[in-house]
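Written out below as structure tokens is the structure these notes cover.
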Amino acid sequence: LSQDPMDFEWSYWIEWGRQRILWLLAGHLLVSQVSRLLVEEYKPWCLMVYGMAACWLLLGIKGFAVILLHATISFAVAQFQLSLLTWLCSLFLLSTLRIPAVEEAKRKWYDTENEYYLLLFSVSVRCLFCTSFSLEYCWHGPAQKSFHSFLWMLAYVFYYPTFHNGPLMNFDEFSKQMRRKETFSLKTNLSIFIVGIVRIFFWWCLAELMIHLMYIHALYSSALPLEAASHWALGGLALAQVLFFYVKYLVLYGVPALLLQMDGLKPPALPCCVSLMHSFTKMWRSFDVGLHRFLVRYIYVPMGGSQSSLLGTLFSTALTFAFVSYWHGGQSYLWYWGALNWLGVIVENGVKRILSLSLIQDLI
């Protein structure tokens, strides 16, 4: 059976996985287990060196230099310990990914578009990691500064399982867990690994079946079948689309999550099944848990969040969705998507507040 080629993300990561990334992840696993067994206290630095080598191998010296430059600039700006300045720096670094002249120069470094896109995706995700480190640096006092050194930043930014596509793990969680001393059991780790591999293989088979049998994305790319379909059929297609997106991310986040567990870290929870969700708020909280924690900790709460006035809550929520839209690429359709999500969350929370009023409760 021929497969539906229209889902770029799935085809892209599966191709890269088969070519090099899975082998590099296997190398990370080997380095991690050996360092945990023999030199536990040097584990962060062993993994940092391996991550830097893997980055150099995949992205070349110029791609490696770009990520190192981003980390260096972020760290230098963080020395001022001003959150606003750190955010301005992060937004500036993100904006450089969208300057046509810079894009064109980077494209010339590589033979194929796929290699350029790998750099683009990696740098986008690294920007979030640099932002997390820098803000934690701004917020912590002198007592914790030893755990916020440039070396720790490099260990965090070049941690390979989350390097290309996430999931996102905030620096405070990463550093606490990476420093934690615990007994190492090869037998326990082996059982975690076997169970994890079996689950990921099952999800991968399910995703491949959907790609080969359902042709959801091919149908979406053509106007004629959509115009001919009934409303029920369109609803079914929409459900099939989000279910495939869910299964896809079980694989794409499941592999790094398993490696995080093998390294003695607690990964963000994997996406919740979309069929079990009935609210916008729950969707944002439980689909990409790492991104949600990042947005809440670094944007929503500092801007006032739910503790501020109604206008303050509306503003902090709008700012959160604006950043998500901009980080994903900032195209016009993403701004519409962000605005509709913001509207969905606002309406939902508004209805919830109305229903919690004692008068309405009595009527119910």
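For all residues, glycine too, the Cβ spot is worked out from N, Cα and C.
What TrEMBL lists as transmembrane segment is 20-39, 46-69, 75-95, 116-135, 147-169, 190-218, 238-260, 310-328.
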Report yes or no: does the transmembrane segment (46-69) come within contact of the transmembrane segment (75-95), defined as 3 or more CB pairs under 8 Å with a sequence separation of 6 or more?
no
Taking residues 6+ outside the transmembrane segment (147-169), which of them lie with a CB under 8 Å of any CB in it?
13, 16, 21, 24-25, 28, 44-45, 47-48, 50-52, 54-55, 67, 71-72, 74-75, 118, 121-122, 125-126, 128-130, 132-133, 136-137, 140, 175, 178-179, 252-253, 255-257, 259-260, 263, 265, 267-268, 288-291, 293-294
Beyond the flanks of the transmembrane segment (20-39) by at least 6 residues, Cβ under 8 Å:
13, 46-47, 50-51, 54, 57-58, 160-161, 164, 184, 186, 189, 255-256, 259, 262-264
Positions whose Cβ lies under 8 angstroms from the transmembrane segment (75-95), at least six residues beyond its ends:
124, 127, 130-131, 133-135, 137-139, 150, 153, 302, 326-327
Non-local residues, at least 6 beyond the ends, that sit with Cβ under 8 Å of the transmembrane segment (116-135):
12, 16, 55, 58-59, 63, 66-67, 70-71, 74-75, 77-78, 83, 86-87, 89-90, 93-94, 97, 106-107, 109-110, 148, 152-153, 156-157, 162-166, 168, 170-171, 294, 298, 327
